[in-house]
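The following features are taken from TrEMBL:
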type: DOMAIN; residues: 42-291; note: domain 'G-protein coupled receptors family 1 profile'
type: TRANSMEM; residues: 27-50; note: transmembrane segment
type: TRANSMEM; residues: 62-83; note: transmembrane segment
type: TRANSMEM; residues: 103-121; note: transmembrane segment
type: TRANSMEM; residues: 133-159; note: transmembrane segment
type: TRANSMEM; residues: 198-217; note: transmembrane segment
type: TRANSMEM; residues: 238-261; note: transmembrane segment
type: TRANSMEM; residues: 273-293; note: transmembrane segment
Amino acid sequence: MESGNGTKISNFLLLLGLSGESELQPLIFGLFLFMYLITVFGNLLIILAVSSDSHLHTPMYFFLSNLSFVDICFTSTTIPKMLWNIQTQSQVITYEGCITQMYFYILFAGLDDILLTVMAYDRYVAICHPLHYMVIMSPQLCGLLVLISWIMSVLYSLLHSLMVLRLSFCTDLEIPHFFCEIKELVQLAYSDTFLNNMMMQFGAGLLGGGTLTGILYSYSKIVSSIYRISSARGKYKAFSTCASHLSVVSLFYCTSLGVYLSSAGTHSSHSGAAASVMYTVVTPMLNPFIYSLRNKDIKRALKRFWGMETISR
């Protein structure tokens, strides 16, 4: 495979940024396999609960099931490859595999951002305009919002990938990370990366900053609306409908910001790789627990689902 100005690339070498100690590799393998399985099965249960229970066929749970699907895909872009590397004692990834992994990583990370913003808008309409909720959040609009989210993420990821493809690299490269992270990849190029760095900064501001601004604006309106409710019971009921989403948003953005702040402060790729575990693995794993533990409808649907499974046996 040739890159940029014709430099032939034989492979990339992924250095697992979590631990360089060989005796810790089995422990890391077991820990990440456990977290990956919990993430997949937890989010899969959310999808099954929403799809099997007609009471959950509402905009909020439609977006939640889409978020769960994206979380499964998001984690699956990095963890299976890392587990395979540990198991085979080979940390090599091909140039094509690296670009593919980077593309899907950016795609699903962007989808996470946009879907959380869409869910914030859904909560805004439900609390601030409850009488018109089902009219505004029609099935057509919900489907359109998800479709637009996919289109924006696909184009955003494709643009980044095409800009990386124009770069030139040395024959063999070492990436001090457990996956092909775009920032680490661009830093390894020996051609001019000015446009790539500008695009990353612009994209982070537009996608990350834009979605966060939308979420904060929605919740400012929600808080203002809740504050005007006279009864304490009404305030609690209104707030409880968005508590799970607010918890997930806080977890996702706090861990994401922590990664970039820590990497900017220490300038260490290894610390950045370790911090990346928080939002690439831990956050998708905790999302099903946050939504199921704080949501009676989800717990009721899961009980019905397992109850039907027991009867069918």
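Including glycine, each Cβ sits where the backbone N, Cα and C put it.
Recorded stretches compared: 27-50, 62-83, 103-121, 198-217, 273-293; the one with the most Cβ pairs under 8 Å to the transmembrane segment (133-159) is 103-121.
When each of 27-50, 62-83, 103-121, 198-217 is scored by its Cβ pairs under 8 Å to the transmembrane segment (273-293), the top-ranked stretch turns out to be 27-50.
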